[in-house]
Structures are given as structure tokens and as C-alpha cells.
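What follows is a short report on a single structure.
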Amino acid sequence: MGKVVVGLSGGVDSSVAAAALHAQGYDVIGLTLWLMKGKGQCCSEGMVDAAFICEQLGVPHHIVDSRELFQKEIIDYLVSGYEAGITPLPCSQCNKAVKFSPMLHYARETLQTDTIATGHYARIRFSPENNRYQLLRAVDQNKDQSYFLYDLTQDVLRGTLFPLGEQTKAETRRIAQEFGLKTADKPDSQDLCLIEAHGTMRSFLDKYIAVSEGDIVDLDGKVLGKHSGIHHYTIGQRKGIGIAAAEPLYVVKLDPVMNRVIVGNRESAVSAACLVGRMNWVSIAEPTTPIRAQVQVRYRSPAVPVNVIPLENNQVKLVFDQPQFSITPGQAAVIYEGEIVLGGGIISGATP
């Protein structure tokens, strides 16, 4: 079946991916990325569990020191984004810049194979009609992670296996039990790895961004209160604003130049369209004329009908059939045609 390098986080999903491929006859090599800096991070529970799974399967286990890359591509990316008044999406950036491309490069250069695999819930297929590999949603819609994978390249799709894409999470747990894997009953991660390491996103950001008090204002510029840093807020936020008002107030804009948080009613946080930059058309060639599709503007939001209008400089304008709440600069807008991920990019701004 050939050699495959399996990315192992120490969780049940990647463990089952490795065990399933091993059972199918693949020559499996486990690979764990060492991402976090700081005391105690060299021997995290995930790294220990990944090593145990490889020992259990009788396969080699490699650890790659990716701490500097993670610092540059994720931590610095997050901090600079929040300082600029946007809400970055670290997971898609991490998949592109820290995980998949570097893993495939390591597999080719060090382990002499062109194939990697992970425990992500998504699918890949080749389309002879388009002569391209296509990224698809997973069978388990509740666990589907295609939203975070839109920025992968054709080269990465060509060399990647997603063994869990055709099964449900319940089936993954059952298979883990059948294999007797140590991670079979390990709870799923509930937060970003950074949040799990630091407690909350606020506590993580406060390590890097100095407190800078400013005004909370309404849409007319009237000062309603004070904030301790715009990085503590995100578009659409209602809870934790700290302003008493006759009607619920939502964050509708962050102004890093004036260091202001602008709030308004729910209607003022609704947008009919938005601009998206840094587009990556993962499954199709870049369109030159408008297309009809569906778009997902955050991970747990449903995909909604949209007109996609190509613009210059790798941008598109998305015009929603129905205005959408809380369009957040820095987050991903991922464009689908049914179960196929056409492409995606980073939201740069919303229009009323």
C-alpha cells in the first residue's frame, strides 16, 4: 500500500487514522509537531499519547520542532490581527502554514514519501472533468472541518489522505475501542490549542498586548463608557460590553486608530454584502464572472445562498440573498457548491 506519514496530535481522531491505515497495510510513520514554547510544553499529554499510540501500533514516531514556525505564523499573526481590530482565524492559517505543507515537505525530504494523512473530518476526490483534486465536506456534518481547510493547495490535496472523512465520530470512537487504543475514551478538545494552554483567549492576548483604555461609543459618537483594549472585543459581541442600555447593544465596529469600540442595536450589526481577500480557489479554477454558491462565514454557521462577484487583486464581493448578522473582518468566508469547497478567503469588511 505504500508509506504514509500520519500527523498525530495524541487525540482519538488521529490515532484512529493511523490505526486504520496500518490495518489496511500501509507502512505508517507517526509525526507529531512540537508547537508550543514554554516550560513543560516539551512533554505535553498529546505528545506522550501520540508516542504511546505509535508504540502500540509498532510504528516509528517522529517529532518535529515547529515552535518557531508556530510563533511566527500563528501567535504573531493573532496578536497583530487583534491589535489591528480584526478577529483572526488561527485554525485555517495553522493548517496551511504550520501543518499540511510543512508535513508534506518533511515527508518528501526526510521520509521519502509523497503521502500524508490526518484525522480531519473532510474528504478529497479527483475530478477528471476539472482535472483537479476537490475538497469536500465530511459525511459527519456535525464534525465537518472543511471550513478550516479551504486554504490548502492542489499539491497538498494530491498528497493527503483523510481516513475519517467517510465515517461519523461515533464510528471513530467504536473503531478506537475495537483497536484497543489508549485514546479511545479521551475527550475531544473543546477550544483552540492556545486557549487550552492559556485558559482564555483574553488571558492569552493580555500576555502580548498592553492594556490601552479607550471609549465605547454609539453610532453617533456619543461616549457610553470605557474599555480596557479593543482586543477584548469582536464584531457581534453582546455579552461583556459593560454598558447598561434600554435595548441590547452589540459591537458593530472596532476602530484601532481612535482606539474605540463602536456599539449599536442588532440591526446595525447586519450586512447585505462583504468583501473577501486572499482568496484561494481550492477545487476550481478562479472564476472570472459572477457565480451562484453558498457561503459559510463562521465555523458553526449554516451555509447561505450568495452571489460571488470576482474582483481584482484576488478578492471577491459576496452579496447575500438575506442580510447576515455579525460579518467579522479576519474570519474566513468559505464558498461551497453543495458539499464541494470551491474556495475561501479572509473577510476584509462588510457593507450595509
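Using N, Cα and C of the backbone, Cβ positions are placed for all residues, glycine too.
Per Swiss-Prot, these features apply:
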type	residues	note
BINDING	GLY7, LEU8, SER9, GLY10, GLY11, VAL12, ASP13, SER14, LEU33, GLY119	ATP binding site
ACT_SITE	CYS94	active site, nucleophile
DISULFID	CYS94-CYS193	disulfide bond
SITE	HIS120	site 'Interaction with tRNA'
ACT_SITE	CYS193	active site, cysteine persulfide intermediate
SITE	GLN331	site 'Interaction with tRNA'
Close in space but at least six residues away in sequence, with Cβ under 8 Å from that of ASP13 (ATP binding site), the same-chain residues are GLY119, HIS120, TYR121, LEU164, THR172
Any idea what the Cα distance is from SER9 (ATP binding site) over to CYS193 (disulfide bond), rounded to a whole Å? 11
Quick note, GLY7 (ATP binding site): same-chain residues at least 6 apart with CB under 8 Å of its CB -> SER14, LEU31, THR32, LEU33, LYS99, MET103, ILE116, ALA117, THR118, GLY119
Sequence-ordered, the recorded positions among GLY11, CYS94, GLN331 whose CA is within 10 A of the CA of CYS193 (disulfide bond) come to none
Once DSSP output is merged into helix, strand and coil, LEU33 (ATP binding site) belongs to strand
Here are some recorded positions: CYS94, CYS193. Which one has the most Cβ atoms within 10 Å of its Cβ? CYS94
Can you tell me whether DSSP puts GLN331 (site 'Interaction with tRNA') in helix, strand or coil? coil
Cα-Cα, GLN331 (site 'Interaction with tRNA') versus GLY11 (ATP binding site), nearest Å, comes out at 26
Looking only at DSSP and grouping its letters into three states, which state does GLY7 (ATP binding site) belong to? strand
For the ATP binding residues given in the record (GLY7, LEU8, SER9, GLY10, GLY11, VAL12, ASP13, SER14, LEU33, GLY119), what is the largest pairwise C-alpha separation in angstrom? 16
Would you mind ranking the recorded positions SER9, GLY11, LEU33, HIS120, GLN331 by how many other Cβ atoms sit within 10 Å of each Cβ and giving me the lowest? GLY11
Please report how many Å separate the Cα atom of GLY11 (ATP binding site) from that of the residue listed as 'active site, nucleophile', as a whole number. 17
